[in-house]
Amino acid sequence: MAEAETHPPIGESQTEPAESGCPMRIKPPVEGGSNRDWWPNAVNLKILQKNPPAIDPSDEGYDSEAVKSLDVEAFQRDFDELLTNSQDWWPADFGHYGPLFVRMSWHAAGTYRVEDGRGGGGRGMQPFAPLNSWPDNVSLDKARRLLWPLKKKYGKQISWSDLIVYSGNRAMEHMGFKTAGFAFGRPDYWEPEEDIYWGAEAEWLGSQDRYAGANGDRTKLENPPXXPHMGLIYVNPEGPEGNPDYLAAAIDIRETFGRMAMNDIETAALIVGGHTFGKTHGATDIENGVEPEXXPLEQMGLGWANPGLGNDTVSSGLEVTWTQHPTKWDNSFLEILYSNEWELTKSPAGANQWKPKDNGWANSWPMAQGTGKTHPSMLTTDLSMRFDPIYGEITRRWLDHPEELAEEYAKAWFKLIHRDMGPVTRYLGPLVPKQTWLWQDIIPAGKQLSDADVATLKAAIADSGLSIQQLVNTAWKAAASYRSSDMRGGNGGRIRLQPQLGWEVNEPEELAPVIAKLEEIQAASDSGVSFADLVVLGGVVGLEKAIKAAGFDVAVPFTSGPRDALQEQTDVDSFAYLEPKGDGFRNFVAKGDSVPAEYRLIDRANLLGLSAPQMTVLIGGLRVLGANHGGSELGVLTDKVGQLTNDYFVNLTDMGTKWAPAPADDGTYVGTDRATGSPKWTASRVDLLFGSNSQLRALAEVYAEDDSKEKFVKDFVAAWTKVMNADRFDLEA
């Protein structure tokens, strides 16, 4: 009988090589290094396969029909009952969970940043790392557990994304506030989003990297992070770097909320309105335990364990109750703020906060639990709402006109929780308001064209004298402004409006004659075709010409739909954030951009919602179509420009070509004949990425194969159509 094997505990196994005094520790799989640990500068292609179907436990992905079947009235009744059903394991402050849910919703939606459209509450990221463990989200793990009975009961009729955001909205209604409405329709993702750059700091509440080189200028916060400290949704409530300077705090507030696409009125409304409810928690000096992501198994996903509960709860370390009625909507936040002079004090946990001078209002404020009394307190950032000249002018008016505060808060709150949802065509449910706002990027519903109309218009475009390059480029420029992060941009006819008309990437001088010709065709047609449809249809005509020239007969799909947005329906300042800093698909690099072009390409592909194969085939096709910015020959690896061939990949993978940096040292490369040394091609960093990166080269080789010529055309058409329809949420209905 063989001797039974013995094994050391997991993580402690060792191998002793023969005649070696240097044991090699074998790590368990969870501790193994990744490719990115070895090669941290490699492009991250994982972000091009976000939330893949393989990890989605639902049968067919997000079920909008199930959401539409939700009995909203019954659901609201159940939710309202939950609000005041205090649980011993996490008692409700003042007998009402409403303020906790407002904070949860606010902190979910408030991660949005307008710079790249990432963040927000639209994909249910708050339960996942890193957000679930941010210091600013202490105790929100409990808020989500309180909601579990509702989620369990209603299942796929309401996503976690919707439930988390809805909770704050309905809670405020239950506490007497009239909201502007609510839209369901947020899908759940099943893994953390790893394409969001939150900052470079390696410690919670760090700020040194995001202000590197700022020399004390708080407006020079690194982009795109929107908050001054790692792990904060907004600003440090104690003041910048913990310094209780409310005027300096106002600078941070304006910068941070501006990056959330909020103006001064919206910012003031959100702070004043939000702080009408509830309290902060810092009643003792006990320390929180570890965050949820690092907590021991037996805590079952909850974190920050400590003995404090009820009146002894500790979260932020600040102990502030703003009003006498923390579960009721009124104007008392401003009334208290302006009726007292304030002096600096410390919370029991040692945090900087403010109380009325001369011990005013002592023993007149409710405690979270029981009948005890305390005094009002304010955060440093609350005082910014009074003493900053701009915020002060706004809030002083609201002090005397509370109805205006209510109106502005309703609008700002609705914007906060819907900003990342995209167009109103994605809004579901009976609570959607009829009113629309400029920030929603409204595009009027369009007319469905008949097959005869489409054929007539295609013929007119084909006979217009516009080249394949002009047609393809214009369609790409219009559609490629789309970003899947907040579902903004895309077509809609805005390519001829400011600011897009003036973007460097769109080559205004080259664009003008194309716009004029398409408008001429539109005016001559009695079909009612929109300019937006003509732009896409022009791309179809150009592609089909290029496909035919390559010897194939492949139709390019087209579905008519959207009408044209008007200039007055376009927020120029907000749309300016959609301007690409680089577009590797057309070999465009913005002047002065310090980010390598290949990183910009991956980011652009990610924002377009493309997979790595789709990105690859589009690059190869656009190069041979001559679609480069400025007519550049970089990466145009064909002598048959305008034909949709796989020449790009054939020549890119040709070992008869030797590549070297161009003599000008301008980030471009020259390909020479390996035998003769004669120059053959020029290319960009983006182009060589598809020959040098192991994964992308594998894809390039597929399209370079002799039997892939037709596959290449069909795959290009499919990827092209995906980009053209990226903003067509009406097609998903």
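The backbone N, Cα and C atoms fix where each Cβ goes, and this holds for glycine too.
The annotation active site, proton acceptor is assigned in Swiss-Prot to H107. Contacts of H107 (active site, proton acceptor) defined by a Cβ separation under 8 A and a same-chain sequence distance of 6+ are given as Q126, D136, N137, L140, I233, in order along the sequence.
A coil conformation is recorded for H275 (heme binding site) in the three-state DSSP classification, outside any helix or strand. Residues or ranges marked as heme binding site by Swiss-Prot: H275.
The region 'Disordered' feature in Swiss-Prot is assigned to 1-35.
Marked as site 'Transition state stabilizer' by Swiss-Prot: R103. Residues within less than 8 Å, Cβ to Cβ, of R103 (site 'Transition state stabilizer') and separated from it by at least 6 positions along the same chain comprise L140, A143, G168, G274, G278.
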Does anything in the same chain, at least 6 positions from H275 (heme binding site), have a Cβ under 8 Å from its Cβ, and if so what? W322, F333, L379, D382
